[in-house]
Amino acid sequence: MQWRGAGLWWPRRRQQQQQQQPPPPAFGPPAAAMVPPSRGVSPGLGGRPTSALLFLCYLNFVPSLGRQTSLTTSVLPRTEQSTTYADFIYFTAFEGSVRNVSEVSVEYLCSQPCVVHLEAVVSSEFRSSIPVYKKRWRNEKHLHTSRTQTVHVKFPSIMVYRDDYLIRHPISVSTVILRAWITHWHSGGGLNVRGEENLLHAVAKNYTLLQTVPPFERPFKDHQVCLEWNMDYLWSLWANRIPQCPLESDAVALLSFPYASSGENTGIVKKLQNFQNRELEATRSQRVDYPMVTISLWLYLLHYCEASLCGILYFVDSNEMYGTPSVFLTEDGSLHIQMHLVKGEDLAVKTKFTIPLKEWCRLDISFNGGQIVVTASIGWDLKSYHNQTISFHEDFYYNDTAGYFIIGGSRYVAGIEGFFGPVKYYRLRSLHPAQVLNPFLEKELAEQIKLYYERCTEVQDIISSYAATVQVGGERRETCDFHNSYLDLKRKYGRAEVCRGLPWEKELRDRHPSLFQSLLQMDLLTVPWNQNDSVLEIGARIFEKAVKRLSGVDGLHQISSAIPFLMDSSCCGYHKASYYLTVFYETGLNGPRDQLQGMLYSLVGGQGSERLSSMNLGYKHYQGVDSYPLDWELSYAYYSNIATKTPLDQHTLQGDQAYVETIRLKDDEILKVQTKEDGDVFMWLKHEATRGNAAAQQRLAQMLFWGQQGVAKNPEAAIEWYAKGALETEDPALIYDYAIVLFKGQGVKKNRRLALELMKKAASKGLHQAVNGLGWYYHKFRKNYAKAAKYWLKAEEMGNPDASYNLGVLYLDGIFPGVPGRNLTLAGEYFHKAAQGGHIEGTLWCSLYYITGNLETFPRDPEKAVVWAKHVAEKNGYLGHVIRKGLNAYLEGLWHEALLYYVLAAETGIEVSQTNLAHICEERPDLAGRYLGVNCVWRYYNFSVFQIDAPSFAYLKMGDLYYYGHQNQSQDLELSVQMYAQAALDGDSQGFFNLAALIEEGAVIPHHILEFLEIDPSLHSSNTSILQELYERCWSLSNEESLSPCSLAWLYLHLRLLWGAVLHSALIYFLGTFLLSVVIAWMVLYLQYISASGSSPAPAWVSADPTSSTPSPAVPPAADASDHDPPMMANGPEPRG
């Protein structure tokens, strides 16, 4: 096999387990002259000892800074020096550094016919002794005479020029050796002899070093070509840029925080990319058939594998096959290590040792070609537990970028039951365990996990012994009572029986007082006999007792007394209690916050596959909050586990489940229609359904089947209404629903014949769900894929998402009629179409494609994979049940219970519960402040705005909190603007109004926010222009028919602008002058009037005779007026003071 790559690479022979074949060595001066005998031969030059010694001599003879040297040595014995001493060779490089053409002067003397050799050898970081120039010539005539010849040594362009549009990858060389030697023609040094053998016959030799030039200090080459203008322009943009290699290492942290593996078919998916560093990437590519990697991971196993294999860490290639390396756990606790061979087969080996249970163990597995070294170390001091070396004579195929790694389970294999600690992966190095750097950073949390299971082992032993003792005693008493009447008389009249004391010391009883109290108060005779089932059943009873205490009127007061019982329930494997403890510790609900204990119980619940615990872990890693690291792949592992259970849970008739509905406590209209079995809405629907109203029958059946709108889940009653509606009405939806129930036998005996008739009847009425149902029938029961595809294509054209998903399944399984083989691309397209229509399984397939990135149409996007899996997981009925209990408590005014259940739901990361909890805390700040150890309003509104589907009012709330500041949170106008802008972008008029109000107060809206709102800052450069745009958008989005605050603000702004325009125009000066003139004239006339009134007590035209009230009609008015000095002012303006 050979190294793969371009350039001056040497062929590499396959390295077997015990034998290594090095690349050909370089050559140098004689070993006898320079190398001490004690050093021996270098291990890397074992292929040709003589040539290796010569190369070492050359290396030892290289001066550290010298450019030229003239040294002549002889390889013949000293007794023969007189015959060969005349032979010599010198040369001078006129330019001490590497150039495209370097002129070299060679001076030599031959005593016999000879051949003169000149050679240039270069070395780089990864390759050495590569000849790049060779020249030789004969000298037969000019003997015993010094000769000088000038040689123009031409080096490759990639060594002497910078990279440009033609020289894409110049080589950075570390050493350039120019060497020359003379061989006699008749002594085995002819032209037909290869260079390596020629050097052995050299009678004189010499060398010099040429100084190398770094790639970015080299000149550009004139290629004598004319570039197109676009190429020339692009070249000018980056011609003088010096790229910098990113800091890159082959060590990859696949996992840094503990992962709770539930032993199911979900795990962490990690995909490695090519190295950006060209040298690292070249090394990785060359080792495709010779892996040198190291895996280091921490494990805490609870149980060995129940199946034949359980996934630990394995590689899945692009063909969905296991690759190299793949590590599994077996049912007896040993390791199963599997490799894929170059020839296409697979090879596996099983370790001779087993992994210990309930101990933190570090596994270090190193691959060095065909050799595998497995080391298991126990505890934090890495006390060696076992070491095993396995050797193969096969070539392993290794390409860590042509697929993805999985930690834990997948759809191919279940994962281990336990916990993963940090996982480190060295891509290019085979390391000894002492060289591996993989510390457990969360050591305190790991210690708590170990202590928890030690305590739980003790609790389970107590419960098992106690239950067994009580049950055996009860069974014996029942048996004796049935068969022996004499004992009846003895118990009645004899001495009372005394129970035998249970074998527990006082110290043990003191450590578990709540457990013994629960056991004494519990009727254990009804507990199942099986040990695991009995422990779980007792845990469930302890939990119900604790929850009953928490559900009282003052339930939050009882949290501290309920915690010991919840701990006992958690130890019994009933992990609903674990989630309660998680929330209590992480939120400080009526107690101090303890993040470490919160993480502990969250991980324990996740390991037990508890739905709400897994969603809590997924959410915390998705957002990176509460000291959980941001890790989308880890978040996906938790969310996908619950998402895959959600469709199964929805079709499970038993269990505390309810439909997840988006009901906001601030929406009074929605709250009014919430009902119960004795509520007005339900009773009215039942009345209408009894009268034969098909719509009422369907709605009533849906409410009872799924547990919607406050009605408890009751599948049996729902099926009765489905049957009544299907058989009595012609409504196609009811007919279809009842047909599905009959097909699946959900709460009723299966009746495939009647179901098919009803399905055909509904399809004939044009119901696309029924058309899809017919396709499902022919696919599942008849295996008639052609007919199934026909119905599904028809239903898909009608817009049915189920049909899109089913068509995708046909392509995925490779059974689509007329299409040979599988077509994953088309399957992915149909799954994506189904997911966009709300299909749960289609969404799950899309999330899987996004996390693996194995389909070209689904580029790897871990964040999008988490979003899609989270969307499905939040439809889980067990979460819906908790939300419904909180809503019912709120409607009934039970504040303690409402707060408890909404905190439990909000910590899973579902947005509607987060905003509802914040609303409760706003309504009852006294309750939140007293019992919650977190800033409730701030925490949950802040959580909600980081959701994908966050409501606009949450952005407005956070904007207000940033604007005013809230409790310990400081004011932040910049973030306030961002929140208001996001609300405005979501179409909320209040967001535009608040932004305008900030501008009115003097705040400045950054340009990127304006561009975010699609407001061009160049067109709206002034605050006035921006205000106009904001108020206009606010008015256009307002839902009020009458005048709204937005319209009034817009009108007021324009009035101000109009008034400002008037004040700044020329007309104002004219009007001002005119009014001033009028006022002055009036003042003068008024003063004249006052002075005239003071000299004459009555006007001249007024008669002194009181009987005369008017002037004489004989006097004309004009003449009458002219006879008096003061003018008549009866019609003048009234004075205004």
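Every residue, even glycine, has its Cβ placed from backbone N, Cα and C.
For 1102-1120, the entry in Swiss-Prot reads compositional bias 'Low complexity'.
Swiss-Prot lists N206 (among others) with the feature N-linked glycosylation site, giving sequence analysis as the kind of evidence. Using a 10 Å Cβ-Cβ cutoff, N206 (N-linked glycosylation site) registers 24 neighbours.
Per Swiss-Prot, the feature N-linked glycosylation site maps to N387 (among others). In this structure, N387 (N-linked glycosylation site) is part of a beta strand by DSSP. Cβ environment of N387 (N-linked glycosylation site): V373, V374, T375, A376 lie under 8 Å away, each six or more residues apart in the same chain.
The N-linked glycosylation site annotation in Swiss-Prot covers N942 (among others). A helical conformation is recorded for N942 (N-linked glycosylation site) in the three-state DSSP classification. For N942 (N-linked glycosylation site), the same-chain residues lying six or more positions away in sequence with a CB closer than 8 A to its CB are M958.
According to Swiss-Prot, the phosphoserine annotation covers S613, on the basis of similarity to another entry. Non-local contacts of S613 (phosphoserine) by the CB criterion (under 8 A, 6+ apart in sequence, same chain) comprise H575, S578, Y579, T582, Y601, S602, V604, G605, G606. Look at S613 (phosphoserine): DSSP puts it in a helix.
Summarising the annotation, Swiss-Prot assigns region 'Disordered' to 1-42 (among others).
What Swiss-Prot records for 1100-1137 (among others) is region 'Disordered'.
Among the features that Swiss-Prot reports, repeat 'Sel1-like 1' is placed at 575-609. This prediction places the mean pLDDT of the repeat 'Sel1-like 1' (575-609) at 96.
The feature repeat 'Sel1-like 2' is assigned by Swiss-Prot to 611-647.
The helix, strand and coil residue counts that DSSP assigns across the repeat 'Sel1-like 3' (694-730) are 27 helix, 0 strand, 10 coil. Among the features that Swiss-Prot reports, repeat 'Sel1-like 3' is placed at 694-730.
Cβ atoms under 8 Å from those of the repeat 'Sel1-like 4' (732-767) belong to residues 651, 653, 694, 697-698, 701, 715-716, 718-719, 722-723, 725-726, 773-774, 777, 781 of the same chain, restricted to positions at least 6 beyond its ends. According to Swiss-Prot, the feature repeat 'Sel1-like 4' maps to 732-767.
Broken down by DSSP into helix, strand and coil, the repeat 'Sel1-like 5' (768-800) contains 26 helix, 0 strand, 7 coil. The annotation repeat 'Sel1-like 5' is assigned in Swiss-Prot to 768-800.
Remote same-chain residues near the repeat 'Sel1-like 6' (801-839) are listed as 768-769, 771-772, 775-776, 779, 785-786, 788-789, 791-795, 845-846, 849, 855-858, 868 (criterion: CB distance under 8 Å, separation of at least six residues from the stretch ends). What Swiss-Prot records for 801-839 is repeat 'Sel1-like 6'.
Taken from Swiss-Prot, the feature repeat 'Sel1-like 7' applies to 840-877. With a cut-off of 8 Å between Cβ atoms, the residues of this chain six or more beyond the repeat 'Sel1-like 7' (840-877) that come close are 269, 271, 316, 318, 320, 403-404, 411, 611, 614-615, 618-619, 622, 632-633, 635-636, 639-640, 642-647, 649-650, 652, 655, 657-660, 707, 713, 801, 804-805, 808, 824-825, 827-834, 908-910, 948.
Per Swiss-Prot, repeat 'Sel1-like 8' is recorded for 952-988.
Feature annotation from Swiss-Prot assigns transmembrane segment to 1067-1087.
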Residues in the repeat 'Sel1-like 7' (840-877) grouped by DSSP into helix, strand and remaining coil: 26 helix, 2 strand, 10 coil
Helix, strand and coil totals (DSSP H, G, I; E, B; other) for the repeat 'Sel1-like 4' (732-767): 26 helix, 0 strand, 10 coil
Secondary structure tally of the repeat 'Sel1-like 8' (952-988) (DSSP, helix then strand then coil): 26 helix, 2 strand, 9 coil
Positions on the same chain near the repeat 'Sel1-like 3' (694-730), where near means CB under 8 A and six or more residues out: 650, 653, 657-659, 661, 673-677, 679, 681-682, 685-686, 688, 737-739, 741, 746-748, 758, 765, 877, 880-881, 884, 887-888
Three-state composition of the repeat 'Sel1-like 6' (801-839), taking helix and strand from DSSP: 26 helix, 0 strand, 13 coil
